[in-house]
Structures are given as structure tokens and as C-alpha cells.
Amino acid sequence: MAIQRTFSIIKPDATRRNLTGKINAKFEEAGLRVVAQKRIHLSKAQAGEFYKVHAERPFYDELCEFMASAPIVAQVLEGEDAIAKNREVMGATNPADADAGTIRAEFAESVGENSVHGSDAPETAAEEIAYFFSGLELVG
Ligand code: ADP
């Protein structure tokens with residue numbers, strides 16, 4: 001498997017509880033390298049644009065409110081098979097279904113406030129990275 005990059009967000013429930021370092025340790029232990037990172041506070045409109053694929057879902061408004069409720073940490077993670085590996089380290093969307101040792105099993109508060117986002121495919125990873133970072137900010 002080739003070296004890949006994926007996009008990650010440490011969500012407001014986690015930044016509020018000061019968990020950035022603990023979550024980054026999980027990535028690093030799994031062989032993922034943080035090659036870009038910034039802490040930002042999204043507006044509700046920016047959160048809505050990022051999650052527009054979910055616009056028709058019943059939880060969309062709640063999700064956008066939540067993502068704009070406190071700072072996030074936007075990141076690019078690099079490593080072997082990074083997209084799948086990150087999804088593995090994150091755990092299932094609903095923390096009740098997440099495997100032991102995953103970020104969501106350890107830290108998520110609910111299916112909505114679930115501590116991390118990670119891209120699900122190469123196309124979305126490329127799009128999401130470009131939405132948050134310029135090429136100059138990616139330092140491998
Ligand atoms: P994932 O983040 O695991 O890829 P999805 O793409 O299905 O999951 O959903 C995007 C985000 O929307 C989730 O991470 C979560 O924050 C929120 N979400 C998903 N399902 C629900 C739900 N049933 N109720 C509230 N929020 C939800």
C-alpha cells in the first residue's frame with residue numbers, strides 16, 4: 001500500500017475537553033504523521049459547506065451548530081494506507097459500536113459529538129484537504 005494523506009478534524013467536544021494531545025498520540029501510535037495542523041473556529045456557514053453532503057439528513061442543523069460551537073483542530077495525516085488506517089483508529093460513528101481502544105470508544109460523548117472526523121475515500125480526502133489547507137502548509 002502506498003503512502004497516502006487523509007484529512008482529519010478534532011471536533012469541538014474534544015477541544016473543549018483539552019484532548020488534542022491524547023488524540024494525536026493515538027494517530028502517532030498507529031503510524032500516522034501529522035503533516036499539517038491548525039486550530040480554527042468555524043462559522044455555522046463554513047461547517048454547513050464542509051458537511052453539505054449531509055444537508056438532507058435530519059441531524060444536519062444540529063451537526064453544523066455543534067461544529068461551530070467551539071474551536072476545531074483541522075489536520076492532514078500521512079502514512080501507509082492512511083485513509084483506512086485513520087478510520088480504524090477513529091472507530092465506528094456511534095461510540096457505543098466502536099471497538100475498544102479506538103478514539104471514539106475512549107473519548108466520544110455521543111453519535112453526534114464523536115470527537116473526530118476522517119475522510120472516507122481518496123477523492124474526499126483531496127477535496128477536504130484543499131478546503132482547509134494550501135499546498136505550502138503541508139509539510140511532510
Ligand atoms: P463518520 O463521521 O463516521 O464518517 P457520517 O459521515 O455518517 O459518519 O456522519 C458525519 C457526522 O454526522 C458524524 O461523525 C456525526 O458527528 C454526525 N452524525 C451522524 N449520524 C448522526 C446521528 N444519527 N445523530 C446526530 N449526528 C450524527
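Note: Cβ is positioned from N, Cα and C throughout, glycine not excepted.
Here is what TrEMBL says about this protein:
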DOMAIN    3-140  domain 'Nucleoside diphosphate kinase-like'
BINDING   K11, F59, R87, T93, R104, N114  ATP binding site
ACT_SITE  H117  active site, pros-phosphohistidine intermediate
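Taking the features listed in TrEMBL, we show where each one sits on the structure.
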residue	record	DSSP (3 states)
K11	ATP binding site	coil
F59	ATP binding site	coil
R87	ATP binding site	helix
T93	ATP binding site	coil
R104	ATP binding site	helix
N114	ATP binding site	coil
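In the structure shown, across all protein chains, N114 is the one of the binding-site residues T93, N114 with the greatest number of other Cβ atoms within 10 Å. Packing around R87 (ATP binding site) is summarised by its Cβ count: 16 other Cβ atoms lie within 10 angstroms of its Cβ, all protein chains included. The ATP-binding residues named in the record, K11, F59, R87, T93, R104, N114, extend over a maximum Cα to Cα distance of 21 Å. DSSP labels the residues of the domain 'Nucleoside diphosphate kinase-like' (3-140) in these numbers: 64 helix, 28 strand, 46 coil.
Its Cβ taken as reference, K11 (ATP binding site) is surrounded by 27 other Cβ atoms within 10 Å in the chains shown.
When the binding-site residues K11, F59, R87 are checked against ligand 1, F59 have a Cβ within less than 6 Å of one of its atoms.
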